Amino acid sequence: ASNGSREGAAGAWLRTPLAPGEVITVQSGAFERDPQESSTTDEELSRAGSPSSRGGGSSTTPDYGEKRLPQALIIGVKKGGTRALLEAIRAHPDVRAVGTEPHFFDRNYHRGLEWYRNVMPKTLDGQITMEKTPSYFVTNEAPRRIHSMAKDTKLIVVVRNPVTRAISDYTQTLSKKPEIPTFEVLAFKNRTLGLIDASWSAIRIGIYALHLENWLQYFPLSQILFVSGERLITDPAGEMAKVQDFLGLKRIVTEKHFYFNKTKGFPCLKKPEDSSAPRCLGKSKGRTHPKIDPDVIHRLRKFYKPFNVMFYQMTGQDFQWEQEESDK
């Protein structure tokens with residue numbers, strides 16, 4: 001099907017001149033690559049992918065078992081909480097995951113499935129191989145490519161209030177490029193008319209309904225789990241129970257794996273059984289957001305509301321981003 005005919009309801013809502021394929025160009029330019037979020041260099045990946053590398057670039061991987069293509073992927077969203085989810089699920093003994101983001105289905109597809117398999121850690125029978133690359137969710141070709149690898153692949157999407165996600169995305173970019181314009185300037189096509197610039201990747205990524213339509217062309221809803229980025233912070237064990245159920249795993253990662261870090265403002269993983277330091281996300285996580293004009297926030301909420309409602313209808317889940325706003 002052509003992009004035009006696939007736009008569907010969410011696309012009709014948007015009516016921006018940007019072709020869906022262009023979102024990748026927008027996204028991968030200036031507004032990308034957090035040292036922790038997306039730090040995988042080509043050199044690291046070719047090291048991990050070389051046959052001589054044992055255990056997929058992870059020093060802790062035992063030298064037995066075999067490398068397999070992943071059966072489950074964390075496909076999004078950027079600044080939603082994917083790193084936190086990956087670290088938590090890696091605490092499960094039946095999960096082996098790549099620490100770096102392979103970016104196979106968006107940037108490295110030309111390298112082929114053998115290369116991709118080589119990047120993976122070794123697993124034993126019964127263990128699940130996983131990776132996370134948050135940009136897959138907004139990459140047009142990703143659903144088809146993943147489907148052609150294995151149509152029963154399980155997909156996990158961590159979603160978060162699109163307004164706070166956009167500000168977080170901007171904050172990440174600002175930390176690396178302090179010279180960029182203000183959030184307010186980038187968010188509007190025309191500030192006077194209040195026209196939101198939906199072609200800016202920080203805003204476009206949060207139009208979840210639009211991207212999800214693309215995935216539903218290839219995967220049934222039952223193969224996609226939507227994790228609340230907010231609940232991953234307020235109730236990590238509850239969200240992890242859903243993730244483990246979805247992956248067909250025993251519920252091993254529970255309350256006792258987490259403690260709340262007051263400085264960071266979010267939960268951290270305890271080290272299993274021993275007394276060494278707990279695993280907290282790095283300093284690039286939990287950055288203080290810049291102060292944004294309340295009027296801009298209000299306009300963004302209005303802009304996202306119809307898409308959020310559509311996303312709730314499509315997924316059968318209410319993430320309560322609207323209620324959350326009215327409480328404030």
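Cβ atoms are placed via backbone N, Cα and C, with glycine included.
Copied over from TrEMBL, here are the features:
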REGION    24-67  region 'Disordered'
DOMAIN    70-305  domain 'Sulfotransferase'
BINDING   K79, G80, G81, T82, R83, R160, S168, K285, G286, R287, T288, H289  3'-phosphoadenylyl sulfate binding site
ACT_SITE  K79  active site, for sulfotransferase activity
DISULFID  C268-C280  disulfide bond
Key: Lowest local Cβ density (other Cβ within 10 Å) among binding-site residues: S168, T288   = T288
Request  = Pop the mean pLDDT for the domain 'Sulfotransferase' (70-305) in here, whole number is fine.
outcome  = 93
Remark   = Same-chain residues at least 6 positions away from C280 (disulfide bond) with a Cβ under 8 Å from its Cβ, in sequence order, are N261, K264, C268, L269
Note = One residue among the binding-site residues K79, R83 has the fewest other C-beta atoms within 10 A of its C-beta, namely R83
Inquiry  = Below 8 Å Cβ to Cβ and six or more residues apart, same chain only. Which residues does that give for G81 (3'-phosphoadenylyl sulfate binding site)?
reply    = V158, R160, V227, G229, L232, I233
Task = Mind giving me a neighbour count for C268 (disulfide bond)? Other Cβ atoms within 10 Å of its Cβ, every protein chain shown.
result = 20
